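Here is the structure we will look at, set down as structure tokens.
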């Protein structure tokens, strides 16, 4: 086999379809987020505003987080020195897991090197722990959930997105005695819509199923202490396993699950993705713990309120211009263009001509024909920056003769 030719064909296919991913080299400046500097391909530098980051609340720059990380770094050094089982468990990891468990009202938590690995490792391990487990998965679940569900082959049922009637139809058709788990998300990141948590929990109770919720795009962002949509809606006690991230609203790095002590102990003991991975650096654990603790407070609520206000303002301004946005009331602002080449072109022009950095979102992240720009306004974006973004979008939409009819929600 000509391996180089095969690689060339694979990469060329992405170019031909307009979905080859280009990394934008940026340098964030401490204390200045969302401002950054773009290292242009021609060697020049350009000041930009980041509009597509997952540091939703700017906590990656917060003095409380940085102070905790500096203190830990000076106290114990850089790496953890091992897996959790072999010299890699520290007081920082223990405190972080206790903070997470308290956040979700659970007995225990387990920290992974990413939320992707937490999903993959946990869902695949549940098949080992519960032989014959049937997993019911929302059709728009994240890739990490899909991979975990596919691993350790077992029965799975895919229900139409947020369609609880279809879920009930599928679960009612299966063996009542079989172990069951419903896996879904609280906020779906590409459309910004919410999962029907209460209705899914009702079905789980009726059929004796476990509930597994991915709150990656919700933790830190919703609820009086930032525990997510389940907390906001008073439903945390009805969820068996929470998955979350430390790398989005909390602004640091890593992922986790929170559940009963018995469930966490079993996953800890059986999940290869946990057992054979080096643990988080102590400074990372310290920063994440400080971020979670801060966002539980009234000061954290002020950040959430400011973020929601900026998201509403941006949506209102874009709607007034007839932009094809999808608005489900979340913090995510998708603007649908519907063509990968056009989406990339608009993204490139926003960056080079206006200093607005928003990454194009193409297939397979979203279905073909729904390619989009996905804006994530934060509390540290100001109204002047929103004005600049809206002005740039208006000019480019006219220049490129793009559709101004509102997208279907």
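Each residue, glycine too, has its Cβ placed from N, Cα and C.
Take the pyridoxal 5'-phosphate site that Swiss-Prot assigns to 189, 245, 277, 278: the candidate from 217, 310, 328 listed for it is 217. Annotated succinyl-CoA binding in Swiss-Prot involves 21, 137, 156 plus, out of the candidates 297, 365, 370, the residue 365. Each of the recorded positions 21, 156, 217, 248 was scored by the number of other CB atoms within 10 Å of its CB, and the largest score is that of 217. In the three-state DSSP reading, residue 245 (pyridoxal 5'-phosphate binding site) counts as strand. Of all residue pairs in 189, 217, 245, 277, 278, the annotated binders of pyridoxal 5'-phosphate, the farthest apart have Cα atoms separated by 28 Å.
Proximity of residue 189 (pyridoxal 5'-phosphate binding site) to non-local residues of its own chain (separation of 6 or more, Cβ distance below 8 Å) is seen for 142, 216, 217, 332, 374, given in sequence order. Counting every protein chain shown, the number of other Cβ atoms lying within 10 Å of the Cβ of residue 137 (succinyl-CoA binding site) is 22. The number of other CB atoms found within 10 A of the CB of residue 245 (pyridoxal 5'-phosphate binding site), across every protein chain shown, is 27. Each of the binding-site residues 277, 278 was assessed for Cβ neighbours inside 10 Å, and the highest tally belongs to 277.
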